[in-house]
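Beneath this line is the structure, given in structure tokens, with notes to follow.
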Amino acid sequence: MQFTTILSIGITVFGLLNTGAFAAPQPVPEAYAVSDPEAHPDDFAGMDANQLQKRGFGCNGPWDEDDMQCHNHCKSIKGYKGGYCAKGGFVCKCY
């Protein structure tokens, strides 16, 4: 009776040590360095509205989906057969 109790406690402690429940806490990583905004000029500064609209590949939300535009975009990428608008119509998913 005592042997099984000691064995079960030992297995429990060993299992908790392996899962990291009693492990020492890891140090918190330093905050990421944010670069100066003037060091990287705005990428969209020289683009007109037509160029910015093309970046969504037709998936501009659930009420403004153009699956064919997304499908044609994915077909233009080597290795993909087509695509569709996913994640509520905001993401062009290629297959």
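Counting begins at 1 with the first residue displayed.
Every residue, even glycine, has its Cβ placed from backbone N, Cα and C.
Per Swiss-Prot, signal peptide is recorded for 1-23.
Per Swiss-Prot, the feature disulfide bond maps to Cys59-Cys85 (among others); the stated evidence is experimental evidence. Within 10 Å of the Cβ of Cys85 (disulfide bond) there are 24 other Cβ atoms, across all protein chains.
Among the features that Swiss-Prot reports, region 'Binds to membrane interface' is placed at 61-64 (among others), with the record citing a curator's inference.
Reduced to three states, the DSSP call for Cys92 (disulfide bond) is strand. According to Swiss-Prot, the disulfide bond annotation covers Cys70-Cys92 (among others), on the basis of experimental evidence.
Residues annotated as disulfide bond in Swiss-Prot: Cys74-Cys94 (among others). Cys74 (disulfide bond) falls within a helical segment according to DSSP.
Remote same-chain partners of the region 'Binds to membrane interface' (86-92), defined as residues 6 or more beyond its termini with a Cβ less than 8 Å from a stretch Cβ, comprise 56-65, 70, 73-74. Residues or ranges marked as region 'Binds to membrane interface' by Swiss-Prot on the basis of a curator's inference: 86-92 (among others).
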Those disulfide-bonded residues, out of Cys59, Cys85, Cys92, that come within 10 angstroms of Cys74 (disulfide bond) at the Cα: Cys92
Cα-Cα distance linking Cys94 (disulfide bond) and Cys59 (disulfide bond), given in Å to the nearest integer: 12
Assigned conformation of Cys59 (disulfide bond) - DSSP reduced to three states: strand
